[in-house]
Amino acid sequence: MVQIKTPEQIAKMREAGLVVAAIHAATREAAVPGATTKDLDEVARKVIADHGAKSNFLGYGGFPATICTSVNDVVVHGIPDEKTVLKDGDIISIDAGAIIDGWHGDAAYTAFVGTGHAPELVELSRVTEESMWAGIAAMKVNNRLIDISKAIESYIRRQPRPATGKYGIIEDYGGHGIGTEMHMDPHLLNYVSRKRGKGIKLVPGVCLAIEPMVSLGTPQTKVLSDEWTVLTTDGTWSSHWEHSIALTEQGPLVLTAPDCGRERLAPYGVEVAPDPLG
């Protein structure tokens, strides 16, 4: 069952979303050559504590850290540790979340470590991020869930193919509802599947985490023996972007973006809802 939020509840989710935005800002600055992924986790822990929030990753299904740190061919759910030292030329996707008064925020981004990144990696991250914004722009009252999936997939398919031959839209993982839990109904595919139908009708109060994951090759993944770390099966590198969004009568509200998504949605002709926190 899809949870419909009141304006007051959305305001609480906005508070949690801003904590996530602060985690992103701090970890992005700390993701430099020589840093370990454990170092980044400690940065996130401090941000959460400083904001009086709680982590929704730590202990979730036994997950042992505050953020997910997915380096290069790791798609999602990479576990921070002291052995993984970031190197010049790496890419890292950082997925973070926070809880305020029982309400969740969740978002992810891909960062470049150091300099000298191959153009196809820069383009991979750009395509993945922009497909997310295309999906968010399709989150309109009376649209269906499939309209978001279609917008994400269509944007990716329209892009010039990379030197590796194709972009792989990761099939086994996708977006989700969010609210009093981090993962709730509905599950959101990043591509169109006729088997899934049109999905729910989008109405004010629906909150979603929209999160495309794209590789430079296969859409297939495998999970390591730690039962968390997800890699591409062909070893190609991947990118992961995510925001949490509330749909309101005034339009979408990107809960985990400092400006509520205003700048990035403007080119799509989408006006965002006013920030409930002013």
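Every residue gets a Cβ built from N, Cα and C, even glycine.
For reference, TrEMBL has these:
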type	residues	note
BINDING	HIS77, HIS183	substrate binding site
BINDING	ASP95, ASP106, GLU242	divalent metal cation 1 binding site
BINDING	ASP106, HIS176, GLU211, GLU242	divalent metal cation 2 binding site
DOMAIN	12-249	domain 'Peptidase M24'
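Recorded features from TrEMBL, shown on the structure.
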residue: HIS77; record: substrate binding site; Cβ contacts under 8 Å, 6 or more apart: PHE63, CYS68, SER70, ASP95, TRP228, THR229, VAL230
residue: ASP106; record: divalent metal cation 1 binding site; Cβ contacts under 8 Å, 6 or more apart: VAL20, ASN56, ASP95, ALA96, GLY97, ILE178, MET182, ALA209, GLU242, SER244, THR256
residue: HIS176; record: divalent metal cation 2 binding site; Cβ contacts under 8 Å, 6 or more apart: HIS183, MET184, ASP185, PRO186, HIS187, LEU188, LEU208, ALA209
residue: GLU211; record: divalent metal cation 2 binding site; Cβ contacts under 8 Å, 6 or more apart: ALA108, MET132, TYR173, GLY174, GLY175, ASN190, HIS240, TRP241, GLU242, HIS243
Three-class DSSP secondary structure - HIS183 (substrate binding site): coil
Overall pLDDT for the domain 'Peptidase M24' (12-249), taken as the rounded mean: 98
Least surrounded among the binding-site residues, given as ASP95, HIS183, GLU242, when other CB atoms within 10 Å are counted: HIS183
Local backbone state of ASP106 (divalent metal cation 1 binding site), from DSSP in three classes: strand
Assigned element (helix, strand, coil) containing HIS77 (substrate binding site), judged by DSSP: coil
Cβ-centroid neighbourhood (8 Å) of the divalent metal cation 2 site, ASP106, HIS176, GLU211, GLU242 excluded: ASP95, ALA107, ALA108, GLY175, ILE178, ALA209, ILE210, HIS243, SER244
